[in-house]
Amino acid sequence: MATFKSLTEADLLSFSTGLIAGVDEVGRGPLVGDVVTAAVILDPNKPISGLNDSKKLSEKRREALFDEICDKALCYQVGRASPAEIDELNILHATMLAMQRAVAGLNIAPELVLVDGNRSPIFVAHNGAGLTSHSIIKGDGLIASISAASIIAKVTRDREMDVLDAAYPQYGFAKHRGYPTKAHFEAIAEHGVFDQYRKSFKPVKALLGL
């Protein structure tokens, strides 16, 4: 019997009569910006070659696949949680909320939702129907729809960091993407933090004396 580690969308579709949405997140670790998630329902009649965990792909390849996913997927949706929501809920619960928003925003209700990682929130479709979901450890490298979601989320967040970099070039967001690097620590020590920072994260709390 197949296990989740070896299941593909084709395997899963043989067990169900409906469509599958893959879900993944990007941006749990950075000190600044939204945590970004994506939900993708791929079209089984329009396969996309080269899908993989977004972290294992070059930026150029991610960008190309992003465009192909947007063109060929049956539907996709980005969901997010803001720094204020992260501070209020904590990063785990904010990530679950962002995933729920992504799935609820799909204009097609999937029969099954597959989430990268070791936990899954309760999902409700745009029409209010409850959805079955499963979490799959390292699913972004195993299940095509989760790989696609990881690419959509990663490219979306990277582009947002580029916008933030243009507004605040002294922080170097285009290089470190908001993650807690030495260069980033030096930048916030010199320039302080602004409203897009996650004030509940230890390095930011320490700087603010909270």
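Placement of Cβ uses the backbone N, Cα and C atoms for every residue, glycine included.
The divalent metal cation site recorded in Swiss-Prot comprises D24, E25 together with one of D116, D158, D162, D165, namely D116. Within the same chain, residues at least six positions away from E25 (divalent metal cation binding site) with a Cβ under 8 Å of its Cβ are V35, V36, T37, T95, A98, M99, D116, G117, A153. Listed in chain order, the residues near the divalent metal cation site other than D24, E25, D116 are V23, V26, T37, A38, M99, V115, G117, G139, D140, I146, A149, S150, A153, each with its Cβ within 8 Å of the site Cβ centroid. Under the DSSP three-state reduction, D116 (divalent metal cation binding site) is assigned to strand.
Of all the binding-site residues listed here (D24, D116), it is D116 whose C-beta has the fewest other C-beta atoms within 10 angstroms.
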